[in-house]
């Protein structure tokens, strides 16, 4: 009996774990199909949906059924048409609601960016809103697919053709040309598409530069002194270190005024180019044009480990240099903007969630770019189209059923295609640095030795002394601050 109890308990645990690993999957109404192959029978690569799945999208299913229609679900359940208020109950039917065994992911593809050449803000916007293939046609077709009437001009029978593009303040308005004759109900009331609230965000990873003009390092000063060993034993286990801070000056120019409207999302470090290392940071949420130059202070050091024979000295030479670098640069700025559709909806079918039939005038704004809110986010609404509670704006399932999944995916991908503007200019920097500390040939100490003692540094109890002429004011004028020399025991 004990063995049987353990086996039964194991089965219960296994069943529980199996149930826990299979979470409910969303049912996208646009992928449902009604098959008339008999009770619980679906076409190839389809399966009957069960009661719980049908319950999650009941309103969508009922909207696709006849008034008194009864269709089957899995496991001897049926769903009734709108005449029965969409009741789900046990029963049998000759038709069956089915769902793909491998549902399409149906994600909106991400297309390569639409790149706009450099220019000021008006130039960049003009190029975008006047581009028929990459902008006018895609946004016009989206308005048409959603049910807006008359998205086109009098001189063409096609959506998105013969469109006027008008600048209104900081906005641009697209509307079908009404300068000709038209036939159809309220055909003189063209739907409009307003483009507004342009913003530009720098993409740090898009940095590129042209030919680099880099000067050869120029010697600006030489410091010569001595390392003296006054002891009776050779000295070789000590490091002589030069520490200093140097100020590098940099500047950038921006070719066009668009840079004033470009902002940085995160703290941005200017990429290092060439041998002149200038570490530049631009704070987050700043205008790209707000910081066009400055000075960067950097702490640097150079070390050498001299070998100084007993009662000898070696010459020490430190060379100080400066170098310049300049080059043209380019970044990309990601553009974002609002699209506002305005016009009356077609009575013969529209994708507004209530599907009104009285041709109401409707204005709706989509945000193209970063997420703002659910009402303006195409991707959010598309991804949540299986949730009845989130279908407060557009019925994307209806749009898919009317126009096809591939058509809607392509349309939305073109509307959401990233748009990037070029930011160009010139960069220049000048920096100072010390070369290697050079050690010369040892010279025995003698009575005729004369050592300039502008600055003397002793190694603690080492018998090693540095006599280096360091003029703080002179070095500061050359861009070298806080210059110190030290003698410390070698670490390795």
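Residue numbers in this text run from 1 along the chain shown.
Backbone N, Cα and C atoms are what each Cβ position is placed from, and that goes for glycine too.
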326-335, 336-345, 346-355 - the range that Swiss-Prot marks as region 'Interaction with glycans from host GPI-anchor': 346-355
Stretch carrying region 'Interaction with host N-linked glycan' according to Swiss-Prot (options 34-50, 51-67, 68-84, 85-101): 68-84
Spatial neighbour of residue 42 (disulfide bond) that is closest, considering only the recorded positions 155, 187, 374, 390 and their CA atoms: 390
Greatest C-beta neighbour count within 10 angstroms, which of the disulfide-bonded residues 98, 182, 187: 98
Nearest of the recorded positions (98, 155, 182, 187, 374) to residue 390 (site 'Important for heptamerization') - Cα to Cα: 374
Secondary structure composition of the region 'Interaction with glycans from host GPI-anchor' (346-355) [DSSP: H/G/I, E/B, coil]: 0 helix, 1 strand, 9 coil
For the region 'Interaction with host N-linked glycan' (68-84), residues assigned helix / strand / coil by DSSP: 3 helix, 8 strand, 6 coil
Cβ neighbours within the same chain of residue 155 (site 'Important for oligomerization') - under 8 Å, at least six residues apart: 161, 162, 177, 179, 180
DSSP three-state assignment (helix, strand or coil) for residue 98 (disulfide bond): strand
Candidates 98, 182, 187 (disulfide-bonded residues) - the one closest to residue 374 (site 'Important for heptamerization') by CA: 98
